[in-house]
Amino acid sequence: MAPTARTPTARTRDDRRATTRTARLRTRIPEPDEEPDLLGQYLTQIGATPLLTAEDEVRLATRIEAGVRAREELETADTGEPAPTPRRRRTLEETVHDGQEAKDHMVRANLRLVVSMAKRHAHRGLPLLDVIQEGNLGLIRAVEKFDHTKGFKFSTYATWWIRQAIERGLATHARTVRLPVHVVEQLQKLAKVERKLRAGLDREPTTEEVAAESGIDVDKVVWLRRVGRDAVSLDTPVDETGDTVVGDLIPDTEVLRAPEVAEFQALAAELREAVGTLAPRESLILSLRYGLHDGRPRTLQQVAQHVGLTRERVRQLEKESLAHLRAPENRERLLDWAS
């Protein structure tokens, strides 16, 4: 006996459920050995939907708009306006379902854009999967707001909404003490300036140097640094003897949490791909300089002694290597991880 064919309504319902499962990741924290499979399965799943052409985007957006108009007409009729005929109501309901199907399709086809942007923010206080979740919410909003008649490519339009959703999600959830979004943005600016000065000076910049470079007055820099502290150092003594520090009182969990494993794997993959484009000597210099192999950065002098070159030659090679990594094919990937 031949299998029963699914009705258009059933197909629409199944597609919508699939989109919901894809766009909204589960918040349960899996066991450590589950996480690579979960992330890999998600990436495989979202890759199953082909990317859209400009014509596809227009067609889907047109169907979405038709569905919105049909829904509004039904809601108006339900609030007391003259009711549509049964045939008209059936047509409107089918149009609503078709619009929802088109919306789900556009969301699924652009989930890879969210992952690409989420990787650039995953190291800023939220696990990678949580950042993807925030970005997916922005993507859904972009699909709802997209106006194809203005001639924009959807990915260009959606990027703004995804970035805003991720930034606000980080501002809301990434800190133990919640800070206003504008304060978080100032802290991010301050952190970038400090990294730039630290790299150029080869030492920690003073408050005055940070203020001058950032254009923020000294008192505001001091205040931002104070409110930006989100944790007590594990090396802080708990009494006057100094024999016991805060870290001694915290039990060792032995393993990283699963979302952290996924985040570190994503970053490690990006770094391996980028540094692998360098010559072996330059690759070693960057690995030592920034602690890529053991998490312990070295000074220029320490690197020079290790590789048998002068301090100035190491500085030159480091500068040349970083310039190579700032090339267009590498710049977006790595600078966004460092932002």
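Placement of Cβ uses the backbone N, Cα and C atoms for every residue, glycine included.
Features reported for this protein in Swiss-Prot:
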type	residues	note
DNA_BIND	300-319	DNA-binding region
COMPBIAS	1-10	compositional bias 'Low complexity'
COMPBIAS	91-101	compositional bias 'Basic and acidic residues'
REGION	1-37	region 'Disordered'
REGION	71-101	region 'Disordered'
MOTIF	130-143	motif 'Polymerase core binding'
Against which stretches of its own chain does the DNA-binding region (300-319) lie, if we need a Cβ under 8 Å and a gap of at least six residues from its ends?
202, 281-282, 284-286, 288-289
Secondary structure tally of the DNA-binding region (300-319) (DSSP, helix then strand then coil):
17 helix, 0 strand, 3 coil
When the motif 'Polymerase core binding' (130-143) is classified with DSSP, how many of its residues are helical, how many are strand and how many are coil?
14 helix, 0 strand, 0 coil
